[in-house]
Every structure is written in structure tokens, then in C-alpha cells.
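Notes to accompany the following structure.
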Amino acid sequence: MGSWDPEKGSKGKKKKTDSSYECEKPWIPWLLPTIVLANIIIFVLMMYTNNCPKNNKGSKGKCVARYLGRFSFQPSKENPLFGPSSNTMDKWGALQFITCLWLHGGLIHLFANVLSFVFIGIRHEQQFGYVRVGVIYLLSGFGGGILSSLFMQHTTTVGASGALFGLIGAMCSEFLTNWTIYTYKVTAVITFIAIIVLNLAVGVLPHIDNFANIGGFFTGFLLGFVLLFRPQSGWINPQHRPAGAAVIPKYKPYQYLFCVIAVLLLIVGFGMGLLLVFKGANGNKHCSWCHHLTCAPTSKWPCGY
């Protein structure tokens with residue numbers, strides 16, 4: 001799978017600098033393609049156990065795409081994302097902090113995530129390696145799970161997008177902290193906004209956990225300042241610096257500042273979030289309108305709150 005790089009642009013031309021990061025050999029991406037494959041396999045297995053023709057009682061309409069047999073989708077009034085029933089998602093999502101990273105509400109949800117992985121995740125793994133990207137993915141999913149546990153305690157949802165939104169958040173903070181090395185800044189900003197809006201729009205459909213998305217985004221945003229900052233444009237490794245060349249600091253002061261602030265906020269955020277979860281706190285008691293962030297009710301489907 002390929003990916004578009006806002007640093008190179010559409011024709012793959014990089015900004016000409018003497019920065020040593022330009023000579024770094026790209027990593028071969030394997031982690032995120034594996035995660036994409038795992039997500040697809042788990043969705044197929046979930047649809048297999050769902051078995052709409054056998055388990056659908058018909059109260060909300062007929063199964064969609066019945067020619068798929070037991071892989072057919074629930075009636076659109078129950079699940080407009082072309083996916084399984086609430087009962088099936090309940091069974092697969094019993095361990096919210098673990099399984100939420102792998103579950104999708106339907107085919108539309110899965111397609112939006114795979115598309116985002118191609119445009120976001122692959123490029124990041126090529127540039128920063130599977131360790132840093134993997135840490136961001138897992139911790140963002142965990143952060144999204146914490147926020148979801150505070151607001152979605154009695155509602156059937158899935159939050160595979162939470163970890164993906166962490167990558168989106170990391171992409172945004174990486175763009176800010178590495179601003180000097182981007183050539184196509186306006187194009188990059190437009191791309192970021194389009195991807196965020198697309199995924200948030202899908203998130204207001206039933207069974208998609210936008211709280212996991214929001215929690216994952218802010219977790220990834222902070223982790224990006226810690227794990228993804230790179231040498232500023234024009235920096236040259238001392239081993240390769242020509243005699244008489246100007247000495248440019250490897251990192252700008254604001255990169256260090258962002259990193260320290262992000263670490264502090266992550267510690268406080270995870271600490272307070274886990275404390276509230278273990279105390280059984282319900283975020284909806286302190287925010288009467290927040291439930292609208294995760295589902296927009298219409299005449300076509302209920303939201304269950």
C-alpha cells in the first residue's frame with residue numbers, strides 16, 4: 001500500500017536541504033498493514049457469528065445483502081453502517097479496553113479506517129518506524145478507551161477508530177513541531193482537516209464511539225510531540241558537516257518545550273482518567289449534551305440514550 005507524503009508533494013519531490021534526516025533510509029512498513037489485515041479478518045469473523053438470516057427477528061426489517069448468507073448485514077434501521085447487531089457487538093466487545101481496538105460497527109466504518117490508515121499510518125511507519133508508531137497506536141487506543149468508559153457505560157459501541165485517531169492526532173502535532181521541514185504546508189493542513197472531518201462524520205452514526213475517537217486523538221496529539229519531533233531544517237550531523245559550515249542547533253527550543261508539556265499532560269490525563277474510571281464516575285452527569293457527540297438521532301435509526 002502506498003501513501004501520499006505532504007513533505008514530498010504529489011510528484012515525490014522533497015524540499016532541498018542539507019538536513020541529515022533527508023538521507024535516512026525509510027522503514028519498511030509492516031505493523032500497520034498487519035493491523036489492517038487483522039481488522040478485516042476480525043470483522044469477517046464477527047459477521048460470521050452474527051448470522052443475520054438466522055438471528056434477525058424481523059422487527060426492524062430484512063437483512064441487507066441477503067445473498068451473502070450468514071455474512072449479510074443487519075437491517076439498516078438497526079445498523080446503517082452495514083454491520084452486525086448490537087448483541088453481536090456486545091459479545092465481541094466484552095473487554096472494552098482490549099477488544100475496542102479491533103472492532104468496527106460496519107463495512108462503512110471499516111472502509112473509512114482502512115482508507116485513513118493508507119493515507120496516514122503507512123507514511124508515519126515509513127518515517128518513524130514500527131516501534132514509535134506502535135506505541136502511539138496502542139496508547140491512543142487505551143486513552144480513547146478511558147474516555148469512552150466515562151461516557152459510554154451503558155451503550156453498545158465500538159472504538160477501533162480511537163487508535164486511528166491517535167495516529168491522526170500524532171500527525172497533526174508532528175506537523176506543528178516539524179513545521180520547518182514541510183514543503184506543502186497548506187496542502188498538508190487541508191488533508192488533515194478532511195481526514196478528521198470524514199472520520200468524525202462517520203462517528204455520529206449509531207454504534208461508533210466518538211468518545212474513543214476524541215480521547216484517542218488528544219492522546220496521539222500529545223504523544224506526537226514526545227515521539228515524532230525531528231531535526232530542524234538545515235541541521236547537519238557533525239560527522240558530515242563541511243569545514244566552515246554554520247552550526248545550527250539540532251532542535252528548536254519550542255520542540256523541547258512542547259515535549260515537556262506533552263509528557264506532563266499525558267501523566268496527569270492518564271492518572272486522573274484511570275482514577276475516575278475505577279471510581280465508577282459517569283461523565284454524562286456533568287455534561288448533559290455530550291451524548292450527542294457520539295450519535296445523531298434521526299427517523300432512520302435510534303441512538304439508545
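The backbone N, Cα and C atoms fix where each Cβ goes, glycine too.
The predicted model assigns the domain 'Peptidase S54 rhomboid' (94-228) a mean pLDDT of 84. As annotated by TrEMBL, domain 'Peptidase S54 rhomboid' applies to 94-228.
Annotation source TrEMBL lists transmembrane segment at 27-48 (among others). Nonlocal intrachain contacts for the transmembrane segment (27-48), taken as residues 6+ away from its ends with a CB within less than 8 angstroms of a stretch CB, comprise 1, 70-71, 73, 83-84, 88-89, 92, 102-104, 107, 110, 113-114, 117, 121-122, 125-130, 133-134, 137, 160.
Annotation comment: TrEMBL describes 101-122 (among others) as transmembrane segment.
Among the features that TrEMBL reports, transmembrane segment is placed at 128-151 (among others).
Per TrEMBL, the feature transmembrane segment maps to 158-176 (among others).
Positions annotated as transmembrane segment by TrEMBL: 182-204 (among others).
Annotation comment: TrEMBL describes 211-229 (among others) as transmembrane segment. With a threshold of 8 Å between CB atoms, the same-chain residues lying at least 6 positions outside the transmembrane segment (211-229) that come near it are 100, 124, 128, 132, 135-136, 139-148, 150-152, 157, 159, 161-174, 176-178, 196, 199-200, 203, 251, 255, 258-259, 261-263, 265-266, 269, 290, 293-294.
The annotation transmembrane segment is assigned in TrEMBL to 254-278 (among others).
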For the domain 'Peptidase S54 rhomboid' (94-228), residues assigned helix / strand / coil by DSSP: 107 helix, 2 strand, 26 coil
Recorded stretch that, among 128-151, 158-176, 254-278, has the most CB pairs under 8 Å to the transmembrane segment (101-122): 158-176
